[in-house]
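What TrEMBL says about this protein:
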type     : residues                                                   : note
BINDING  : A:Thr146, A:Lys168, A:Thr179, A:Glu259, A:Asn378, A:Thr383 : substrate binding site
ACT_SITE : A:Thr179                                                   : active site, nucleophile
Protein chains: 2
Amino acid sequence: MSVTAPAGFRAAGVVAGLKPSGRPDVAVVVNDGPLDTAAGVFTRNRVQAAPVQWSRQVLADGRLRAVVLNSGGANACTGPAGFADTHRCAEHTAALLGIGAGELAVCSTGLIGVRLPMELLLAGVDKAVAEASVTGAGAAAEAICTTDTVSKQAVCAAEGVTVGGMAKGAAMLAPTLATMLVVVTTDAVVDPPTADRLLRDACRTTFERVDSDGCMSTNDTVLLLASGASGVSVAAETLGGLVTDTCADLAGQLVADAEGSTKTIAITVTGAAGEQDALEVGRAVARCNLLKCALYGNDPNWGRVLAAVGTTRAAFEPDALDVAINGVWVCRGGAPGEPRELVDLAGREVSIRIDLHAGATELTVWTNDLTDGYVYENSAYST
Amino acid sequence: MSVTAPAGFRAAGVVAGLKPSGRPDVAVVVNDGPLDTAAGVFTRNRVQAAPVQWSRQVLADGRLRAVVLNSGGANACTGPAGFADTHRCAEHTAALLGIGAGELAVCSTGLIGVRLPMELLLAGVDKAVAEASVTGAGAAAEAICTTDTVSKQAVCAAEGVTVGGMAKGAAMLAPTLATMLVVVTTDAVVDPPTADRLLRDACRTTFERVDSDGCMSTNDTVLLLASGASGVSVAAETLGGLVTDTCADLAGQLVADAEGSTKTIAITVTGAAGEQDALEVGRAVARCNLLKCALYGNDPNWGRVLAAVGTTRAAFEPDALDVAINGVWVCRGGAPGEPRELVDLAGREVSIRIDLHAGATELTVWTNDLTDGYVYENSAYST
């Protein structure tokens, strides 16, 4: 169900022929109201795809009636002609739905630097709008996939309101492995400023703590649409909790399906002086190619963890650092601790715990191992 | 010849048995004077190996009589016991040479977090000191190799002075793929403050512009030793030019032999507002795993170049960016330019040219592709 689990939403996913594989590639999510509250969080990359530029603009008033999404082409680095393509797609979709183009967000994912085949895309939109229904969430989630091996969907509910979500990609808002697109829906009654705050808070502690390969997409988009169709208004913290839980669920699915990965690595930084320090350390470790290769080879190479921590400005003393891998404290006081042979790295889940002994803050950043599968997928992506 | 090409130097490389492979693993470089001028540049990693801590201290007065180096163990993250090992190695070597331990630098490379087998190391030092000669440079360069497939040596000379150098590793002072150790020697007459300035300048535009995999070692060390044995004092610019040329030669050899690489990638940033901007852009592109995988697959994926540029704070307008790959301007004004099919990526050398159109600064950063060979070497390194 995902995005159509909350009352007031229809969705569809269809084959438009944008992907050479012939798999579904165009989706719509329609909010039938009564409310049209919406919020969005976008990539921080300064090179932004045409659909990101468009969706930012139309979201300025905190209102959306629908989203049209396509895989098979990112429409990024396509210049003014690419922006005109996004505009045309929005106008076309809005006309079919009887709404204004300014009430509709556009999301695209796929190759950068290539124009979209507009006739195929618009014909696909015709089909998707015609098919949009309360049972279309699964098809929509399928249609936004690129290198994803499974579609990502989640639903949370409490106190009479429901939150649903779908996602594609395998990473995050700032750095990302492939473009991350996320649509979260709810039937709660909520105003635009609150929706904006709740979505930003949810992203900060979920998608923004996944860093699969340190790369930042030109197209990352997370949208929240609220229909108000439940007629129920819950406390902001309650709705925020549901939105965060939905995003956390989807973020977990993204990292579990990252390109070529064989490990899901949870890097927990503890004893940090503050959130900024903890995040900087977590990300530095998450981006260490040498460590990610070692973990792929089931090698608990904690020296590479310390070398990555040492590149940060966080508060810590090198000879006070402790590191545990899968529960074994292999490094104590910056020197060897328990025997590394005790570490069992056979499974997919890897936990790395780094104690900075510099404060009371703890948080977790998620990443993946670096594998020949990743190299293969990303060297063959466009050829 | 390399480090023994300048007059006043002896060197040796021997098998001490630190490496399971039985390849040479201990080297010495001895400066017989008359001068003992020296300078050093070290890793900026806050987690620093014992030999780095030692060598920093003994170099405070700008004087060195010798360097002892070992592969087969980095002596990093080994705590106070590891520092005592370095101290003991320095005392032992100095006694053999009839100098003070404070006149001797120590360099180590290999696995992090493991103590050195001291009896083997000290017996190796005995052998190396006994064998040190003016023909020992090649053996010394061999003995510091780890995953290097060839040893790295260079010689430059002008106006009666000679500069020689050896290096191991495949990267740089800040980020590095594996530890980089470099010893540069000269018979020029030069004082410590000048030597320090010339070495720092040389590193800034050579080793510090190589970024093979974005990782920063705990052990990186570049040493310059001047014997004054030529009796010749040349202008500082002349000597600086020779030192820089020697470092540039060695840096080129490092990037040509980077772990698992099939491409040497020169990223030239032009039209930058300043050196800081140009460096930030060059490094961001050099660290983009997605781009490095694409180039491994002979895919001129310029969109990934733009996506990396977009993560920086450099001055530029996204719709003014031009990108050429191997001479073909595949991106003009942030949008598609010449057909990507024109780009020939068959050879090892790849040139990426990025014009920011924001100023007059140009510089080049060097990196490698990301390959399954890199993944293999770094997942199997310690296991």
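Each residue, glycine too, has its Cβ placed from N, Cα and C.
The local packing around A:Thr146 (substrate binding site), expressed as other Cβ atoms within 10 Å of its Cβ over all shown chains, amounts to 22. When Cβ atoms from all protein chains are considered, those within 10 Å of A:Lys168 (substrate binding site) total 29, not counting its own. Secondary structure at A:Lys168 (substrate binding site), as computed by DSSP, is strand. Closeness to chain B is evaluated for the binding-site residues A:Thr146, A:Lys168, A:Glu259, A:Asn378 by Cβ distance, with values under 8 Å counted; counted residues in sequence order are A:Asn378. The secondary structure of A:Asn378 (substrate binding site), as reduced to three states from DSSP, is helical. A:Glu259 (substrate binding site) has a Cβ environment of 26 other Cβ atoms inside 10 Å.
Listed in sequence order, the residues of the same chain lying 6 or more apart from A:Asn378 (substrate binding site) and placing their CB within less than 8 Å of its CB are A:Glu259, A:Gly260. Sequence-distant neighbours of A:Thr179 (substrate binding site): residues of the same chain at least 6 apart with a C-beta under 8 Å from its C-beta are A:Ala74, A:Thr109, A:Gly110, A:Thr146, A:Lys168, A:Gly169, A:Ser217, A:Thr218, A:Asn219, A:Asp220.
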